[in-house]
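Asker: Got a structure for you, questions after.
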């Protein structure tokens, strides 16, 4: 326990932790600015412009709407002679409505959870960099070698660093979540647009925040493993960027079977409760081959399993390497 306490102190003493927290806070503030821009009501000039456009379109529809609907059904019928499944959506053609131009006032009750889910990816990246930088910087500078002269039991040192990074990340991410939630509340309250903030709404937000914080702690431990293997923070960052390009970009496009096991969709599954990916499904018909995108869902349990297994494997392998490798 004393060793863990010391490692937590060393974790918060790293300049990278301070810089990462400050930069992440800046991103959270920018996200709040975007939320404010989307929440503010239309100005008088914008409302006048919207009403003018609506009246123009309503007049055009009154004069030409019936003709447009008839033309739609006529074109649909012609295409159905070739493709019986053709559907132009003619039954959805309706007169313009003023709310389509003005829109409805966004409310915190419906906007908070999706907005927090969107920014949760920032916490994952931050946690990975903090974990990787924590151990990699000490290896590359030789500080870890000196530390091992005072505490030669490498397994204990490594385990304490994994735990320190995971535990140290929790208050940082918790603080960022709190800033975002409080800031969002203040923004919507200033526009009198809080909405119906029921217990279910706050329960959903709390659940999302809890999963995001727990995920950040796990990813910080994963970062320690990667940092211990590569010994340089820049190399760990390179692995992260390389993974995004090679696996999320190239491999995902070439091999559909790997998509439910990629990190981004499983991170979504953990933070949002489920993740979505798409596969291209092709069928052969009389007129040839027809392909369409089919969206599929990854469950929370699946996401936890994939990320958990990856973290355990990397942390254990890195621990074995750390125990035997020269870090002086």
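Here, residue 1 is simply the first one shown, and the rest follow in order.
Including glycine, each Cβ sits where the backbone N, Cα and C put it.
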Asker: Suppose you had to name the range TrEMBL annotates as transmembrane segment; which of 81-107, 162-188 would you pick?
Answerer: 162-188
Asker: Which is it, of 39-60, 237-258, that TrEMBL names as transmembrane segment?
Answerer: 237-258
Asker: Take the transmembrane segment (12-36) and find every residue of the same chain, 6 or more past its ends, with a Cβ under 8 Å from one of its Cβ atoms.
Answerer: 111, 115, 118-119, 122-123, 126, 129-130, 133-134, 137, 168, 172, 175-176, 179-180, 183-184, 187, 233
